[in-house]
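So that you can see what the record holds, here are the features copied from TrEMBL:
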{"type": "TRANSMEM", "residues": "74-92", "note": "transmembrane segment"}
{"type": "TRANSMEM", "residues": "99-116", "note": "transmembrane segment"}
{"type": "TRANSMEM", "residues": "145-169", "note": "transmembrane segment"}
{"type": "TRANSMEM", "residues": "190-209", "note": "transmembrane segment"}
{"type": "TRANSMEM", "residues": "215-233", "note": "transmembrane segment"}
{"type": "TRANSMEM", "residues": "333-350", "note": "transmembrane segment"}
{"type": "TRANSMEM", "residues": "370-390", "note": "transmembrane segment"}
{"type": "TRANSMEM", "residues": "441-470", "note": "transmembrane segment"}
{"type": "TRANSMEM", "residues": "491-515", "note": "transmembrane segment"}
{"type": "TRANSMEM", "residues": "535-557", "note": "transmembrane segment"}
Amino acid sequence: MDEKVSCTVSDAVDYKGFFANRTKTGGWVPAALILGIEICERLSTMGIAVNLVTYLIGTMHLPSSTSANIVTDFMGTSFLLCLLGGFLADSFLGRYKTIAIFAAIQTLGTATLAISTKLPQLRPPPCHATANNNCKQANGLQMGILYLALYIIALGTGGLKSSVSGFGTDQFDEKDEKEKVQMAFFFNRFFFFVSFGTLLAVTVLVYLQDEVGRSWAYGICSVSMLIAILVFLSGTRRYRYKKSLGSPIVHIFQVVVAATKKRKMDLPHNVGSLYEGTPEASRIQYTYQFHFLDKAAIVAEGDFRKNTSGSVPKPWKLCSVTRIEEVKMMVRLLPIWATTIIFWTTYAQMITFSVEQASTMKRSIGGFQIPAGSLTVFFVMAILITLAVYDRLIMPLWKMWTGKPGFTNLQRIAIGLVLSTLGMGVASICEKKRLSVAKSVSGIAATLPISVFLLIPQFFFVGSGEAFIYTGQLDFFITQSPKGMKTMSTGLFLTTLSLGFFISSFLVSIVKKITGSKDGQGWLADNINNGRLDLFYGLLAILSLINFLSFLVVVCYKPKKPKSVLQMGNLGNGSLADEKC
């Protein structure tokens, strides 16, 4: 009997619904089948994003600022929809079905995009670069089909990103020491595959778009995802499936609704009078912040209903102290969440305006012409180099000096914010140099006599910043969130990316409106050579500096305990937790 128990995983089932057999399910092989989906998702999403601005300007004949906003809105929506994907996976579909369904949706989106870039009827007639003022912009139908394709892809991306990493970790048992070690290696490999997919996107796929044809490149994305789905489905019998405990979003709303209903009630002086139905081993210590939420645990008439096992609380009227504390933990993440959004606004410039800058500069190495979108390979290389240097050089030296294994998550975030600020400052200086060359040739040359490698410093600074801030954010949001809300906290982290892209679109629109003119001039002119992109980058550098100072204030702030706490009783083993911002 003991042998049978040891061969099963207590918190996972197989595809038939029986307890998963450790020897026949889970492990590296099923996890590898899942990672194939992630490679294709990165290939499609990043391959489209990094080179889409050149298509919108050169083929669809849209203004520079409009093209940049379309790209950032597309990326922002992709990450925002991760919340929808996570909600559906946690509440209804489960991770397996969510991955299969949304992978199929993304396949449909890339196929639609391939068709829209292939058919001449779905793009305006071509025109010469010297006659930009007479170029006919894409009409409503043409843009409508393009938007349809992009947002089908965004929907697929959102569903996939919310579940792929989670379903991969489901294949390992945290209670088994051997599999726990394998799970740690899975995270490393997951990040590697993300980077590898991005590298393929900004090199091979961008080259195919420019030299062979966009329809062929997007068709390859569609076919590769279809193959990845078939490979994913082939592992159905070998996967481990974990039952959902319900959506954390619903749990948060239950606490808020219950507290709102009891907003006129007074809190008891002894917190031991508050409802706590959580087993003692799983309880979270009471904290004195956000007293309004504590009212959700006040026991009132009509808060319980009877069932076969006795009386149980109505979740929208009465919540346990532990559940309230879980919500408080999520609320405490918000200041850090808010001060990391601006980084992703600067990141958005690397796949929009920086690519547009590259398209105007000399990109030849011998007889080979580097595609403008492929310049983001320096961005990816900066990430990989920074991670390697940090792992092999900085961490050992830091451990020798301080005795600590590495920078804390907040320190990594701070370094990322500093690097991105420097990146925007350098980008402003480089753009000023590029504009001076553009004015000296007075629009005679389609390609400016200045090397595209001038842009490498800005890619390097922001890319290195991402290496620190991405890992720091992910670590912070996972370790500082309650156990039952890890997926929710990961989704919260991804919303910083989403809002960063949306804020980029908002800033572009505001700057365009304030500094623009009827003839398409201003900081963000229709023709980048006639604008002042250097001033826009300078504005982002200033905003990034202000944001970094705000981050320091948030990190250093420690709330004072109110005197009323002395009158309050304790829960569990009882000491009030010392709070840190």
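Here the Cβ of each residue, glycine as well, is placed from N, Cα and C on the backbone.
Unlike curated records, TrEMBL annotations are generated automatically.
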Exercise. Is the transmembrane segment (535-557) packed against any residues at least 6 beyond its ends, judged by a Cβ distance under 8 Å, and which are they?
Worked result: 335-336, 339-340, 342-343, 345-346, 349, 353, 410, 413-414, 417-418, 420-421, 424-425, 427-428, 431, 507, 511, 523-524, 581
For this session: Count the CB pairs under 8 A between the transmembrane segment (441-470) and each of 145-169, 370-390, 491-515, then give me the winner.
Result: 370-390
For this session: For the transmembrane segment (370-390) and the transmembrane segment (74-92), decide whether they are in contact, meaning at least 3 CB pairs lie under 8 A, counting pairs 6 or more apart in sequence.
Result: no
Exercise. When only pairs 6 or more apart in sequence are counted, do the transmembrane segment (333-350) and the transmembrane segment (215-233) reach 3 or more Cβ pairs under 8 Å?
Worked result: no
Exercise. Looking only at residues six or more beyond either end of the transmembrane segment (74-92), which have a C-beta under 8 A from one in the stretch?
Worked result: 45, 48-49, 52, 98, 102, 150-151, 153-155, 157-163, 166, 244-250, 348, 351, 487-488, 490-491, 494-495, 497-502, 505
For this session: For the transmembrane segment (190-209), find every same-chain residue at least 6 residues outside the stretch whose CB is under 8 Å from a CB in it, and list them.
Result: 35, 38-47, 50-51, 55, 165, 168, 216-218, 220-221, 371, 373-374, 376-377, 379-380, 383-384
Problem set entry | Folded-back contacts onto the transmembrane segment (215-233), same chain, C-beta under 8 angstroms, at least six residues removed | 33-34, 36-37, 39-41, 43-44, 47-48, 99-100, 103-104, 106-107, 110-111, 113-115, 117-118, 205, 208-209
